[in-house]
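Asks: Sharing a structure below in structure tokens format, with a few things to ask.
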Amino acid sequence: MDIEKVNSMDFGEFVDVFGNVIERCPLIAAAVWSKRPFSGLGDLEKHFFAFIDGLPLSGQEGVLRCHPELAGRQLPWGRLTAESQREQSAAGLQNLGAAERLRFTELTAQYRTRFGFPFVLALRLSDPAAAPRELARRLRCPPAQELRTALGEVKKICHLRLANLLGEQP
């Protein structure tokens, strides 16, 4: 869709279309709608990012908590959003062997315990084999640094999802 179509959307349609570009956070799309008109993809994403950046720490952590565990319990039960399902499937996380899945699950549990939110990674920009290494590396980061890194991954995911919706190259 083109930016003129985006700018002509009523509130409900905008939230329906863009409500999950930040995982399970339609409130952000609801707030961004009022910033119309947008000049293009960069302008649209700027408003999503500014909303996240303007949140207090508890709100930023809440945004992160809306993300599913990578290769977690939601994956086999079909409880992922359509976007997360596609992203995790394309990354091959559904194809992990039993031992790999167990190790990844252990690391994600350690991560959640340490930081209080799930490990977030823009899978479409990553080598699937690198996800466990990246998780292990980020487990060693100081909490404030990891919060910034995880929010950066949320923004990458948002950019990719917005580009997909607007039919643009990421």
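Glycine residues also receive a Cβ, built from the backbone N, Cα and C atoms like all the rest.
On a predicted model such as this, the values are computed, not experimentally measured, just so you know.
Just lifted these from Swiss-Prot, have a look:
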- His67: active site, proton donor (ACT_SITE)
- Pro68, Ser84, Gln85, Arg86, Glu87, Gln88, Phe119, Val120, Leu121, Ala122, Leu123: substrate binding site (BINDING)
Asks: 10 Å Cβ neighbour count around the residue listed as 'active site, proton donor'?
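Replies: 23, counting other Cβ atoms within 10 Å of the residue listed as 'active site, proton donor'.
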Asks: To the nearest whole angstrom, state the Cα distance for the pair Leu123 (substrate binding site) and His67 (active site, proton donor).
Replies: 13
Asks: Return the residues near Glu87 (substrate binding site), defined as same-chain residues 6+ apart in sequence whose C-beta is under 8 angstroms from its C-beta, sorted by sequence, else 'none'.
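Replies: Non-local contacts for Glu87 (substrate binding site): Leu123, Arg124, Ile157.
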Asks: Hey, how far is Phe119 (substrate binding site) from the residue listed as 'active site, proton donor', Cα to Cα, in Å?
Replies: 8
Asks: Using a Cβ cut-off under 8 Å and a sequence separation of 6 or more, which residues in the same chain sit near Leu121 (substrate binding site)?
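Replies: When sequence neighbours closer than 6 are ignored, Leu121 (substrate binding site) has Leu70, Ala131, Glu134, Leu135, Glu153 within Cβ distance under 8 Å.
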Asks: For Phe119 (substrate binding site), which DSSP three-state class applies?
Replies: coil
Asks: From the Cα of His67 (active site, proton donor) across to the Cα of Gln85 (substrate binding site), what is the distance in angstrom?
Replies: 12
